[in-house]
Amino acid sequence: MSSFSRVCLCSARAESAGSIPARRVRRLFSFQRHLLSSRLLRGAPHLNPLHILDEDYCGQAKCMLEKVGSWNFDIFLFDRLTNGNSLVFLTFHLLNQYGLIELFQLDMVKVRQFLVLVQEDYHNQNPYHNAVHAADVTQAMHCYLREPKLAQSLTSFDILLGLLAAATHDLDHPGVNQPFLIKTNHYLAALYRNTSVLENHHWRSAVGLLRETELFSHLPAEDSIERQLGSLILATDISRQNEYLSRFRTHLDENNLCLGHASHRHFVLQMALKCADICNPCRPWELSKQWSEKVTEEFFHQGDIEKKHKLEISPLCDSEANTIASVQIGFMTYVVEPLFAEWARFSDTRLSQTMLGHLGLNKASWSAMDPEASGSSEEGESEPGRATEEPSSRALSQGSQES
Ligand SMILES: [Zn+2]
């Protein structure tokens, strides 16, 4: 599916909206990129972005990787130290550290090739949904994979899938949400029948790159990898949050999660990826605040495009009606708190307590900045710690903050 969306948002949207003039195409079309990657696979000389790092910076990045399992890991600093290659460096390091490259007899050149293509297919111009977000989610996933319950039961295959799903879960994200794609008649919305449009596209784009690089072509489980990768990525659709959360809650209430069963381990991996995807409010304030600013900037940018073209402004995207604080407080209350409360029931560890601690402190900080927003979220919360169907909850789902 590498033929999709090699164009910037403006041109992709213009293509679908018809009446809006086409803009300059900024990204490579798939056939151009395919030719380029084929050249690379044939060993043609090329500039390797990973080799143009200043040695000193590279040394500091390596130092940081020694603490890659720390919840305070500063992915923004790591991205600067790796010259914008955080996703490649971090994922390669983790695959190697878990012994997956050796175990699955992966070709190192193909692994690097795949990761470089994955990183390139994220849109750097997106304030939020870019390769740094993918690297951040992969780092969080690593933290969860090390939690005792998971570490004791997950197989190497599960870990490989978990890391790959995290690295590719937002691949080729256009920087707008599903409702925007639907209302502008974007071809992706038609292709996926208005259902998990972005998540389906991220998955199929990842499969495209796996096939292009033939990373798993030597493994009999290639089909299974592609299918399971899809199931993990599709779980990040925030509009299906309540469905996953109810199932998780029922398992916990009945205490019947059996991690000896592959299907239960897969479900726990889905929940881990969902947590990793929306864990920004559970990070220390200095990191969390930056993510909040970035995601709101992306929302407001979408709102500005909608305004400019006289489309209905999506929930949370109107910069005149929302503040960063109001968006964050609603998101924390209706989406993040219910999920992490259940995750802490499942994995009652120091990390879970740390995350809940940061979540509380960060929410208090935003509330102090916007007391009005804080008050309205409390009114809508019928049952603390439980996902609700309040209007704000639905708006947040539609806003798809971090899917
Ligand atoms: Zn995401």
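Here the Cβ of each residue, glycine as well, is placed from N, Cα and C on the backbone.
Less than 8 angstroms from the CB of HIS129 (active site, proton donor) sit TYR122, HIS123, ASP170, HIS173, GLY175, GLU298, each of them six or more residues away in the same chain. Per TrEMBL, the feature active site, proton donor maps to HIS129.
In the three-state DSSP reading, ALA131 (AMP binding site) counts as helix. If you take the C-beta of ALA131 (AMP binding site) and look for same-chain residues 6 or more apart in sequence within under 8 angstroms, you find GLY84, SER86, LEU87, VAL118, GLN119, TYR122, ASN124. Residues annotated as AMP binding site in TrEMBL: HIS129, ASN130, ALA131, VAL132, HIS133, ASP170, ASP277, GLN328.
For ASP170, the entry in TrEMBL reads Zn(2+) 2 binding site. Following the DSSP three-state reduction, the secondary structure of ASP170 (AMP binding site) is coil.
Here TrEMBL flags 367-403 as region 'Disordered'.
Filtering VAL132, ASP170, ASP277, GLN328 by Cβ distance to ligand 1 (under 6 A) retains the following binding-site residues: ASP170, ASP277.
The Cβ of GLN328 (AMP binding site) has PRO281, SER292, THR296, ASN362, LYS363, TRP366 as same-chain neighbours under 8 Å, each 6 or more residues away in sequence. All protein chains considered, the CB of VAL132 (AMP binding site) has 24 other CB atoms within 10 Å.
In the three-state DSSP scheme, ASP277 (AMP binding site) falls into the helix class. Cβ environment of ASN130 (AMP binding site): TYR122, HIS123, ASN124, HIS173 lie under 8 Å away, each six or more residues apart in the same chain.
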